[in-house]
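Novice: Let me begin by handing over the structure; questions about it come next.
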Amino acid sequence: MNKDIELAGLCQADGAAGLVWQDIKVSVPAKRSLGSRLFKSSSAATADAWSEKILLERLSGSIVPGEMLAIMGPSGAGKSTLLDVLSGRKQPTSGHVTVPISAHDVKSISSYVEQSDSLLGVLTVRETIWYSAKLSLPPSTPLSAIDQRTDLVLRDLGLTSVANQKIGTPIQRGISGGQKRRVSIGCSLVTLPKILFLDEPTSGLDTFTAYEVISAIRALATKHGIAVLATIHSPNWEIFSCFDKTLLLSKGRTIYQGKVGGVKGWFEGLGWKCGENTNPADFMVSLVNDDFMQGGQTEAEEVTMQAKVRKGDTKGFAEAWANYASTRVTAATMRRLSISSRSSGHPSAPIGAEAAPSSKEQTKHEAFKPSRSSHASSPSVEEGSSALSVQLSRTITLTRRNFVNYSRNLLAYGVRLSMYIGMGILLATVWVKLAQTSTRINDRLSVHFFSVAFLGFMSVAGIPSFLEERSVLLREANNNLYGPLPFTLANTISTLPLLFLCSTLFSIICYWSIGLHPGADTFFRFLAYLYAGVVAAEFQALLIAAALPIFVAALAVSAFLNGFWMCVQGYFIRSVNLPRFWYYWAHWIDYETYAFSMLVQNDFNGLVFSCSGSLQAGDCSCEFPSSLIAKGTCALRGEDVVEALQLGNISIALGAGILVAIIVVYRVLFYAALRWQLK
């Protein structure tokens, strides 16, 4: 057989492998349909209720530093599942993945580039890669070294010319799709990992752009000795030839594994000859794609009537490969390769180090010793850095990036700020100079209800921007840059000032125009209580979006919940008249209950409202029971209103404490939701 086939990517002449995987099997329980069990006996139905569905079946292989492996196959072949297993994102049912000549696990020395480009659109290309470098390198790394690393990545990926251009948003055009792909790859390369996993790196790109992306990766793999494993669909010959080896899968089984140049020879040996003008990549995938098979092959499709395997016969192709592989490399050989490599005692070379760097190159890379974590939620502690300092550094960096994002994101935050200003103008022009009379008390109460309820309702506007940030979190956390704790802290720190600005502008615009309780002290208390309610509403919306990261679903649940809180907070129907079922739990966990109560007490306490009529004429009429009539005054105190509505049952201090507790609970649940999703 051809030498390219004999090697088959299973063993290496020098015994040094960047990654070795042995007998990988992944299966999931596949529940039988209810109908198929109705015609069985109860015992048989119970025994056969669950059957095993095999996603990957006994896959073995290896890759050395500097090599590129293309994982190919028709849809549903198991390409992404294998990539997830090799990268440590998914655990196999059996088998194991090892990193010979290294004491590290796979996740600590690798990076993963997902199919979609999860990037913040308002950041520039340079800023995007700079922040990735800042988050991944030790806190003690000098800024000059981070700048130098960023420049190197930009140069290696051909992004220098667009370094200061923004990524792009729906309302602001940015860089091209191919350039975004290279930025995503650059974010994963700032630590110069030993292994780079790519999920469909050419998806959605035209042929020329796809070739630009793959050729850039080819150059980096060769330059830095990075082992690259990529799933890829239908590459043309120019792209396919950039890879050293290919692994063809179908229904979770190996059909071919070896050098790209050995594809034609292998399938020709099975009776299938690739035409001179046919792309070998398309040729081999079409042979094992049985999605549209309608019986046997035609005479035009078959090279000879003695073809050993029929087109679309996945099992036949897989058995042919398995029989050949078993004669070349046995499982015992693979185990000896892995064990001997790990027990050799030779430390692995620094990540990204080249064969014999010059003294100048050595100096250049000294500041770039990568720091990775073995778990997304607990960053590793670099030498000389405590766990606290690492977490603090990540939090500060994320906060800084958030502030840049918020200050530029006109669609997400400029529009939100305009909404609060517009709402303030609306209240200022509808509720104008409310008189301190009994007949205007309900109007005054509606101001406080509207302020709490509708400003809280507007928190749903923060969901789209959070979902963008969440996609970046998933990419960076899965690449071990940081965990959910720094993200939660940074999100809290950067969100609070924005909400305070919105609350302040709203209050300044409408408070004095409406004619609420005069005095600077009551104004600032109004602002503080309103701000607390807005923060609670915002963190509730973010919690829902974290737990249900689908915009329509998060929007629907947030809208329903805010409407529910309006119903049970005590304005539309007094709390004493609420059905006991709702009163004893919903009313007391409603953040609007406490915000509304504090606003009303702050405004009404100390005010006196004149009633219609007079005591002398005997027609004094107040909207609420008055304690002043008995004292000879046809008026009522604000405290009388608070007491009649039973809003004074909770003091302002206690209400503020409970509202802060609700905010803290929302943040803790937010963190827990993110942590659960990152498992």
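Glycine too: its Cβ is placed from the backbone N, Cα and C atoms.
As listed in TrEMBL for this protein:
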- 370-384: compositional bias 'Low complexity' (COMPBIAS)
- 39-276: domain 'ABC transporter' (DOMAIN)
- 339-384: region 'Disordered' (REGION)
- 410-435: transmembrane segment (TRANSMEM)
- 447-467: transmembrane segment (TRANSMEM)
- 487-514: transmembrane segment (TRANSMEM)
- 526-544: transmembrane segment (TRANSMEM)
- 550-573: transmembrane segment (TRANSMEM)
- 652-674: transmembrane segment (TRANSMEM)
Novice: Would you kindly list the residues that approach the transmembrane segment (447-467) from elsewhere in its chain, counting only those six or more residues past its ends and only Cβ-Cβ distances under 8 Å?
Specialist: 409, 412-413, 415-416, 419-420, 423, 427, 431, 434, 491, 495, 503, 506, 514, 516, 530, 533-534, 536-538, 540-542, 544-546, 549, 551, 554-555, 558-559, 562, 565-566, 569, 571, 591-592, 595-596, 599-600, 603
Novice: Excluding the flanking five residues on each side, which residues at least 6 beyond the ends of the transmembrane segment (652-674) place their CB within less than 8 Å of a CB in that stretch?
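Specialist: That would be 470, 473, 484-485, 487-488, 491-492, 529, 532-533, 535-536, 539-540, 542-543, 546-547, 589, 591, 594-595, 597-598, 601-602.
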Novice: Across the domain 'ABC transporter' (39-276), what is the average pLDDT of the model, as a whole number?
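Specialist: PLDDT averaged over the stretch: 87.
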